[in-house]
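Take a look at the structure set out below.
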Amino acid sequence: MSYKYFSLFIICVLSWNISLAQSPVADSSGNEQNRKLPSKEAIIKNKGKFRPNAIEEYNEAYYIINRLNESIGLPPNNVNFQTPQATLEHFILNARQNDYKSAAYALNLNLLPSNLSHEDAALLAEKLYFVINQRVKLNWDDLPDRPDGQIDIQTNTNQAVAGNPRRSIVFGEVDLDGIDYVFRLQRVKYKDYGAFWLISPNTVENIDELYKVYGPRKLDRMMPDWARIKLWSMPVWKFAGALLLILLCYYIGKLFSFYLRKFLMKSEKRWIKNIAGKLTTPAGVTIGVLSFYLLLNNLISFAGPFATTLYAILLIVVIGSITWFFMRMVDYFMLYVAENKIGDTSAEENSEARKMLTYVSVARRIVTFLVIIIGASVILSQFRSLEKLGISLLASAGVATVILGIAAQSTLGNIIAGIQIAITKPARIGDTVIIDDDWGYVEDIRFTYMVVRTWDWRRLVVPLKYVISNTFENWSMTSAHQIRPISIYADYRIDVKKLRKKFEEILETKESWDKNKPPVVQVVESTEKAIEIRFLCSSTDASTTWDLHCELREEMVSYISNLEDGLYLATSRVRVQEFPSNGRS
């Protein structure tokens, strides 16, 4: 019921804002508080008359052109375009003051139709400013403030550093449908005027196309003026709208998860019901985050440094939620295979099932690791600064890369050791092993370590490199069958044949005896006090053999103890000798 009321509330709020947006709201001063944003209709018409390339000659320090902005004329004399930083400052500062006609003088319009009016140029300047403010992070420190476009290099001396002049400088990049659009400043020379900097004609030519994608959203045009009060240089309604979208998408995710679980639970198949418990929550989170991402991109546009941070965080959350969903899906699939397609691994004689479970366990970790790596790679590929950082590290093979490789050597070694274990199978899940004198069972094989459960329910965490590099006992490697000795010390006078017969009788009564090896009784050692008699028994696996040999020891010790009141138990002999009397009293 709460979902229904919440949906009605959202519809009412949006309808109210639309009605307010359609009615004019005047400022107290009689002027509009904010200019109406330009439409996304292209300004550059195909029917216009295009002129040939204006570049007449290439020079090392600038481009020589034979015409310049014939539709709006040359920049006024009071405008400073001598350096790249000065040109961009002129454009940004005038655009902030809504003086887009003055800002348009910083554009090189030579690739546009000759019938372009000054008003059209102003609209292009407004669109470019909106795109830059929306998606481009300007780094003023890297923008030269020298006419030759070089960057001053600080040295320990006062001597100048020689360099080549630059005639083209990149001040921003955006990605559009997989294509890199570069924002450039170019140094040009026209007639007898000195060389100066303008925003390149190729950048200007792409303004309309970029504005269609990164221009204002629907709500930007719908909001009334009273809602444009700014907080942190951003209209308040955008923060309120974003918060409202978060709540809306939260309920979208909850509803999707609820109805998906309800739908899947109606199925009679067990594996589909298991999906309802494992995947509906990450699916709901993914749908909610994707909904917020799509709605925000289509309804609200943030600008400035805040927008760069917001969209970066949002992109990380979107890709992270999708990665989480795929991780849970892979995890569920592997668990389903382990539980339903593999036989009983508790029985040690089922070596094939234990081998398959080991493959599934290692594959589960490796695939999960690859999904995480792919998700992280996709996230990093969306950030140009990190992408360039990675390229520079690969190109230079710097010290940081070497240090990182050394630091990760142990982890990577354990991961590779896990792959080796899956291929060579020195240990499998369910195997009985002895590692450092601890007897236990391989409970799990993970990314970098193996978990061994000892007989007293302790857990040994063994690095996989140790398993590959060191010697350990695997009692289940080829066969679970095992033979265990029972050693008993007895007196020299005992009848061994009688013990052998009794041992055979007792062993015949034991159901755990596998009868693969006949009863064996041997005298294996003798000392000055007793003889050592060894009894051998066998069974299907290590645990059963251990229990069997303990039972047999108990019964054989009891039998020997009852023979002639313990006469044949191992005893220490002391010779007592009487010395003759010497006549003294």
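Using the three backbone atoms N, Cα and C, a Cβ is placed for every residue, glycine included.
No curator has checked TrEMBL annotations; they are predicted automatically.
Positions annotated as signal peptide by TrEMBL: 1-21.
The transmembrane segment annotation in TrEMBL covers 231-253 (among others).
Listed as Cβ neighbours of the transmembrane segment (274-296) (distance under 8 Å, sequence separation of 6 or more from its ends, same chain) are residues 242, 245-246, 248-250, 252-254, 256-258, 260-261, 264-265, 314-315, 317-318, 321-322, 324-325, 328-329, 331-332, 336. Annotated transmembrane segment per TrEMBL: 274-296 (among others), in sequence order.
Taken from TrEMBL, the feature transmembrane segment applies to 302-326 (among others).
Only residues 6 or more beyond the boundaries of the transmembrane segment (362-383), in the same chain, are considered here, and those with a CB under 8 A from a CB of the stretch are 312, 315-316, 319-320, 322-323, 326-327, 330-331, 334-335, 390, 415, 418-419, 421-422, 445-447. The transmembrane segment annotation in TrEMBL covers 362-383 (among others).
Annotated transmembrane segment per TrEMBL: 389-408 (among others), in sequence order.
The feature domain 'Mechanosensitive ion channel MscS' is assigned by TrEMBL to 411-476.
Sequence-distant contacts of the coiled coil (489-516) (same chain, six or more residues past either end, CB-CB distance under 8 Å): 481, 523, 526, 529-533, 535, 537-540, 544, 547-548, 551-552, 555-556, 559-560, 563, 567-571. Annotation comment: TrEMBL describes 489-516 as coiled coil.
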For the domain 'Mechanosensitive ion channel MscS' (411-476), residues assigned helix / strand / coil by DSSP:
20 helix, 25 strand, 21 coil
What mean pLDDT score does the domain 'Mechanosensitive ion channel MscS' (411-476) have in the model?
84
